[in-house]
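Features of the protein shown, as given by TrEMBL:
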type	residues	note
BINDING	A:71-76, A:105-109, A:129-130, A:142, A:151, A:169-172	NAD(+) binding site
BINDING	A:184, A:247, A:264	Zn(2+) binding site
DOMAIN	A:67-179	domain '3-dehydroquinate synthase N-terminal'
DOMAIN	A:181-328	domain '3-dehydroquinate synthase C-terminal'
């Protein structure tokens with residue numbers, strides 16, 4: 001088993017990475033927990049891994065309950081969140097109850113937000129079962145639900161007590177979701193670690209074949225990089241924004257296509273190419289770098305071109321969507337750009353140049 | 001104008017106490033705010049003070065919006081909270097938007113919770129217009145909404161950037177609500193400051209006549225005491241629980257009567273007598289102390305006896321309700337008791353003794 005320690009003072013925790021962990025003896029109890037654990041999962045994941053985790057938790061806590069939510073981003077809303085609160089209150093759960101989020105990013109986000117709000121904050125443990133959740137939402141403490149007018153608009157920063165990345169759960173992950181997770185792994189190269197990028201160029205086949213040693217390496221390295229960034233900027237005041245490389249364009253793609261059409265990682269993949277191309281046109285990186293990034297993304301089976309969101313004024317539609325992004329300030333879009341391979345910078349860019357990039361990087365251009 | 005400084009590191013803020021403050025030049029802007037302020041108020045308060053605050057804010061922020069919520073504890077729920085989110089998103093409010101809570105405790109709790117969750121946390125300012133809100137919710141950062149299965153069950157700790165206690169707003173407060181606020185002021189005596197208690201014995205008439213100098217004194221002193229307690233225990237791990245003197249019985253009264261029948265302060269008033277009587281029967285204080293407390297509470301026009309919640313088994317009903325309180329741990333009720341005048345202690349008590357106290361302190365007993 002590999003370990004990554006996240007140092008955040010009294011909110012520090014460990015990420016455990018390995019095969020078969022969720023049925024093991026280290027799932028709990030977490031320090032200062034009470035006697036009750038509640039597993040929050042969804043209808044898709046529960047039949048796959050629910051019994052294993054519940055079995056392990058019953059050895060760690062006298063009382064274990066389960067809440068099974070509907071599956072999918074479209075249920076990441078208040079109504080579904082309230083099913084968690086209903087269950088906690090019906091079972092008389094107190095402030096020492098520990099929630100276990102068993103599932104992908106949606107389950108992690110909702111369970112974390114429920115833990116942040118229930119009685120003004122209880123402990124939770126992340127048991128992410130997708131690559132995306134293991135490399136991205138394991139670190140950072142971001143939790144949220146969607147609002148009809150915007151994704152992840154209602155949420156909190158709330159750190160888990162423990163993250164259990166069981167690589168065995170990735171064996172059953174659909175290929176498209178595996179690729180979407182790899183997009184977030186690729187991201188860490190341009191912004192922080194070109195060694196990881198080169199490793200991915202050499203080992204993409206093993207990763208796509210779900211080799212556990214390869215998966216362990218990328219999960220560990222991704223968590224380490226993200227931890228270093230988040231440790232320096234827990235509340236997203238500045239540096240942390242570089243983790244959104246590819247996300248500004250990516251969020252516009254997700255929103256413009258209707259959530260669920262493009263997976264988050266797919267939007268980020270095409271968005272990284274756009275952000276790299278914008279960096280190139282601003283004179284920050286050369287064409288070779290953009291080419292390497294495009295090739296690696298394509299090898300992962302991910303899209304390298306954005307979709308057309310509006311046949312009449314495609315670039316205008318992208319800009320419109322990017323201006324309402326949470327990261328925008330007073331309508332000014334702040335792009336995460338690559339300021340030389342392995343180094344990111346956050347800055348605005350002229351609309352005209354952004355339009356050129358969108359025109360050059362979209363499907364029918 | 002009086003000031004109380006709340007020292008909580010980078011979450012420190014000031015409480016301003018005085019007459020006519022909400023139409024003055026010091027309402028804003030708060031540090032590092034953006035260009036937008038949003039006033040959240042209710043249908044009762046808006047016609048009284050909305051125009052004054054809006055006028056002052058328009059001098060401080062380029063853009064000022066208002067959200068008017070329905071009035072009353074029964075609306076302190078997700079549906080009403082969502083009206084705030086709807087307005088923020090419709091106006092395109094970004095992370096530098098500042099919310100102003102203009103109203104009583106319900107408005108403060110909901111606005112604070114909305115600020116805690118919107119885009120994972122934005123700034124807010126409390127402008128409490130009831131004595132209860134000025135002396136209680138000004139300090140501590142507790143925000144919440146109710147769940148059908150429990151009061152204040154969903155919430156967050158989120159500190160305001162500034163609290164403006166405008167004593168002029170108390171001129172229009174119904175007498176019953178003024179008294180309910182005085183209950184929370186009286187509370188600070190037995191748990192922390194018998195000098196304040198003696199001051200109240202000498203000045204209750206001035207307070208009931210809404211003399212601004214008397215009001216300023218109790219608001220300032222209450223905030224100082226609460227600040228000292230909260231500063232030592234921001235996340236309610238231990239000491240802070242003493243602020244709930246009278247609240248364990250009080251919450252049972254509120255819940256048992258149906259929310260809104262008894263005001264929070266009224267429940268706390270009768271609850272303090274019960275908790276003091278329990279302290280006496282445990283040998284912690286003498287009968288003189290309980291008598292002094294009962295007399296002062298009665299002089300404020302507050303109830304000194306609890307209502308009968310169940311004609312067949314009144315004490316059983318109280319115990320049942322107290323066991324589901326947020327403060328209970330694994331069903332054990334933790335009482336805030338007076339361990340000598342001016343000093344509180346938190347501990348469990350034998351059911352049989354609690355039953356005796358309830359029987360002795362309720363209306364028809």
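Using N, Cα and C of the backbone, Cβ positions are placed for all residues, glycine too.
In this structure the C-alpha atoms belonging to residue A:184 (Zn(2+) binding site) and residue A:130 (NAD(+) binding site) are separated by 12 Å. Per-residue pLDDT, averaged over the domain '3-dehydroquinate synthase C-terminal' (A:181-328), rounds to 93. Cβ neighbour count for residue A:169 (NAD(+) binding site): 27 (other Cβ atoms within 10 Å of its Cβ, all protein chains included). Comparing the binding-site residues A:130, A:172 by how many other C-beta atoms lie within 10 angstroms of each C-beta, the top residue is A:130.
A 10 Å cutoff on Cβ-Cβ distances gives residue A:71 (NAD(+) binding site) a total of 17 other Cβ atoms nearby, all chains included. Of all Cβ atoms in the protein chains displayed, 21 besides its own lie within 10 Å of the Cβ of residue A:105 (NAD(+) binding site).
Around residue A:108 (NAD(+) binding site), the C-beta neighbours below 8 angstroms that are at least 6 residues distant in the chain are A:101, A:126, A:128, A:133, A:137, A:143. Here the CA atom of residue A:264 (Zn(2+) binding site) lies 10 Å from the CA atom of residue A:105 (NAD(+) binding site).
Residue A:169 (NAD(+) binding site) sits 26 Å from residue A:247 (Zn(2+) binding site), taking the Cα positions as reference. Here the binding-site residues are A:74, A:184, and the one whose Cβ sees the fewest other Cβ atoms within 10 Å is A:74. Distance from the CA of residue A:247 (Zn(2+) binding site) to the CA of residue A:130 (NAD(+) binding site) is 19 Å.
Checked against residue A:247 (Zn(2+) binding site), the binding-site residues A:71, A:74, A:172 differ in C-alpha distance, with A:74 being the nearest. Residues near residue A:264 (Zn(2+) binding site) in space but far in sequence (CB under 8 A, at least 6 apart, same chain), listed by position: A:105, A:132, A:180, A:250, A:254. Reduced to three states, the DSSP call for residue A:169 (NAD(+) binding site) is helix.
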